[in-house]
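According to TrEMBL, the feature signal peptide maps to 1-20. Taken from TrEMBL, the feature coiled coil applies to 126-205. Taken from TrEMBL, the feature domain 'Cation/H+ exchanger transmembrane' covers 281-660. The transmembrane segment feature in TrEMBL is assigned to 292-312, 324-341, 353-370, 457-481, 501-534, 555-575, 581-602, 642-665.
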Amino acid sequence: MQAIGFVSLWMLSWLFGGLAAHPGEHEDVVKHAIKLHRGRGAVATQRRQWVLESCRKLSGLLRQKNVVLNKLKNAIRAVEKDTGLSDEEKLFQVHTFEIFQKELNESENSVFQAIHGLQRALQGDYKDVVNMKESSRQRLEALREAAIKEEMEYVELLAAEKHQVEALKNMQHQNKSLSILDEILEDVRKAADRLEEEIEEHAFDDNKSVRGVNFEAVLRVEEDEANSKRNASKREVEDDLGLSMLIDSQNNQYILTKPRDSTIPRADHHFIKDIVTIGMLSLPCGWLCTTIGLPTMFGYIICGVLLGPSGLNSIKSIVQVETLGEFGVFFTLFLVGLEFSPERLRKVWKISLQGPCYMTVLMIAFGLLWGHLLQIRPTQSVFISTCLSLSSTPLVSRFLAGSVRGDKEGDIDYSSVLLGMLVMQDVQLGLFIAVMPTLIQAGASTYSSIVKEILRILLLIGQILFSLAAVFLICLVIKTYLIGPYYRKLHMESKGNKEILILGVSAFIFLMLTITELLDVSMELGCFLAGALISSQGHMVTEEIMSCIEPIRDFLAIIFFASIGLHVFPTFVIYELTVLLFLTLSVVIMKFVLAVLVLSLILPKSSQYIKWIVSAGLAQVSEFSFVLGSRARRAGIISREVYLLILSVTTLSLLLAPALWRAAIMKCVPRPERRSST
């Protein structure tokens, strides 16, 4: 250790000696250092003398830096006391001195950090990969911090340059008389500067010291990569407009969400191009599916496949497209609730509550059994079973759209049962998402803490049930006191102007969505309840609102189904087609059989015939398994391979759903009543 310390001290002194030496002396210093290292041509006294001389040079540099810093402080005080300078000139000169002070301090710190890193490397073991990795991480952090400091210094230099320009303008204005127009423009300029200072958010400075914030290295890709000359000439413009894309070391891509200067309007051209492309390609894909007898929604999914990562890879704003597609789900469920009156809800509420719960419990039981046989972790088995137990509400809503669903005397309408069970599954989805973090912790806990985790899960379930009770209480108050006067006001204000009606209905949807979200319940349930509340005002109200909202729903549904196609990977399906077909058929058959079994137990004898139709509607996997699967993959519950299997099985089950639905309709529904949207 003494030898290592001596070598480290010698390297430190050699480096400082090299820094202090004249450039012409570098070669002699290096030769002298090599001789010292090999122990040739130097005695101990000469070696000590060389070290002392290098240390004296280092101390001389540090003393000289302190002298310069003191002079800069005195210069700053002198500038501040100088009454002959304007405020702009004082600000510019003081800013320049402060930047030079910071440059001296940062240069000194950089030298000592480099020496510290060299000493740490010499003391380490070159065979220890973990130690070298830690050293590399520390150097990376130091480089990131240095880059941040350099960026801040560059910004300060820009500010100093701006102050210099301001000072020059003021001097010119003092030397000549201004016209009325020049005075007006000068006042406008000052007001604009104050406006920028007021609205500018110092997000970088405010958040860089927040706990959990990390510095990352990113690549900046300009808007038009093909024309480098155009980029070079537009660099300053793009710096201001934020039209470029950032890519981090994990290959995540970022687009500007909020600009520094909010006075200039901006548009996300990537997002606009993505929506335009999806809209244009959805038309031929929808026509093709209509021609071969498939629902148009599969044409929109194919559109997403062609434009997504597995196809042309032309969609840049994938997150934004998926976010807009979520509004398609919201409006779809609103129209479902609009056709699902509270009277029908009261008629089937027991079946809607019991059916999904029984099916989920049975699916989890079968999943644990197969997981035990295949030696799969219980946490992973429970999660996969939960994903597969959900069914697609938007898909079944498209099946039921426009079909005749009048209740028979003493019978229960199959559409009421099916929609009620699907809405209950949407509630379960919110519960699964809420419970997932606790399940992750429970899977990693020891036996002594499992009891606490179970109590936490039970407490969380109790909170969800309390939230559901609060939601339905709010719905009761709205139905009794608010919804009637609210709609009459909208109807009166919207005569000759449908904008008010559409805006009022949309605002009510978003209000119910927000209420359920604040109560930690599924947002989809809020949209469904909004439709159910409005449907309580009568058939004429339902028809009027549906005629206004349906076009909006149809367009947003196109975006939603196209966003599903972005996560479909045909090459993976082709490679594992046999396994995926077997898994998909197994899941579809199992869900169908379990649904028939559960409905046989809870349906009245007079309505047993609808169990085949309801079971056919439930025998597929919900597209929300994508959401659950992505969260579970990030949390480490499932692997990448399992995640791709869930995506593929979900997609194939959705493709098989129309055929199974048609078969059930052909068998169980009399011919005069058949009118399905498929």
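Glycine residues also receive a Cβ, built from the backbone N, Cα and C atoms like all the rest.
If you look at the transmembrane segment (501-534) against the transmembrane segment (555-575), you find fewer than three C-beta pairs under 8 angstroms, all six or more positions apart, and that falls short of contact. Counting same-chain residues at least six beyond the ends of the transmembrane segment (555-575), those with a Cβ under 8 angstroms from any Cβ of the stretch are 275, 278-279, 282, 297-298, 300-310, 315, 318, 321-322, 324-329, 331-332, 394, 398, 623, 626, 644, 647-648, 651-652.
Averaged across the coiled coil (126-205), the predicted model reaches a pLDDT of 68.
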